[in-house]
Structure formats: C-alpha cells, structure tokens
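Heads up: the structure comes next, in structure tokens.
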Amino acid sequence: MEIVKSSEVGFGRRRITLSTSKSRIAFACSSASAYDPSPLQDFCVAIKDFKNGACSYRKFLFRPKQAGNTSNPDGSNVTMINVDQILGLNTLSISLVRIGYAPYGILLVVEGTLYVGFVMANPTHCLFTKILNPGDVFVFPFGLIHFQFNIGKTAAVAFAGLSSQNAGVITIANAAFGSNPPINPDVLAKAFQLNKNVVKYLQSRY
C-alpha cells in the first residue's frame, strides 16, 4: 500500500486510486494545492433555512456531550463537528471530531490512555508512536496513515482538530476489504501478499 498525492483533487476532497498494472493499492490524498480557500470576510455563516437566517451565537455553538456508541467491531465512535453542525465554521478551514474509545478499541486526550502513531510514506515507512495521557496533544502529519488505540482499562475520549471545515474519515481496512462493489480478490491478494482465500474471508467480515 502507498499513500500518493494527486493534483487532480478538488478542494478538500479525496479519491482512491487503484493501480492494477503494478497490482498495488494506492490511497490518494489531497495535494498541497487542495485546501479550503482563505475567507474574504470575518465570517460567512452557512444558512440552510433562509426563513430562519438570523445570525446569532447558536450558529457558532455545538455541544458534543453525549458519548458515542462504541459497541462495534472497531471499539470506537467518531462524532463529527464540522460545518454541518456548526454553521459558523463555513470558510474557516477548521473542524473537530470527538472520538470515543472503548477499552482496547480502536489529538488532545481528555480521558484515558491512548497508544497513537503514524507511518511515513515510501520508501522509509518509518513508524512514530507515543502513549498519550489526559492533556497530551499529538500531531498527525497531513496525508499519512495513522492510528489510535485505547490501551487503558476504561473508556477514553479525545478531540482532534482537522484542517478542513468539512473533513471526512477513511478507515483503510473498511475501504480495502469492505468496498461496494468488492475489489477483485486477486488484486488484494497481490497487494497485501495474502492467500486469496484469506482475502475472501476478510471481505466477508466487512
């Protein structure tokens, strides 16, 4: 697998490229030129209902107090706090996510202890890791594969700041083995150096 940068990507969008000629999976991320444009005024609140378009503090406020459901195979839940939830984020090029982690389920750490890290791009694949405790902050460089893992015995909560007003989440395992329609098992077997039957089993899990 490799992370590649694409000049074809529009503002803040991502695409997945499949390189069948070399039987590799290429996860494409935005290039340096793919960013939210700088605002031309102090703020520009996104208005969904023109009948109720009055601007107030409510357009800049969101309270993600409720813990997300972590009873899933990943043991985590991501609550997006983007321009859809806070209309005042429009044109500001930032957003947040509130991430809940079940114990041992899959960044400012608010509660719990997290094992986090990221992997450099080809050809080094150097791994950087750290154990985070409440109050610790960790930066994931743009476009690199990264992970968070709750190594504590209680639930953990973290907040992540994102460099886009409408960022998304791509889970590599789900994207590779749970795509719709499925990726040809021969391609995945070659890319991950796995037996074809193992690939089919992994696809059945997603």
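Our numbering is plain: 1 for the first residue shown, then up by one each step along the chain.
Backbone N, Cα and C define each Cβ position, glycine as well.
The Cβ of His146 (Mn(2+) binding site) has 15 other Cβ atoms within 10 Å, all protein chains considered. According to TrEMBL, the Mn(2+) binding site annotation covers His146.
The annotation disulfide bond is assigned in TrEMBL to Cys44-Cys55.
Annotation comment: TrEMBL describes 59-200 as domain 'Cupin type-1'.
Each residue in the domain 'Cupin type-1' (59-200) gets a DSSP state, and the totals come to 24 helix, 42 strand, 76 coil.
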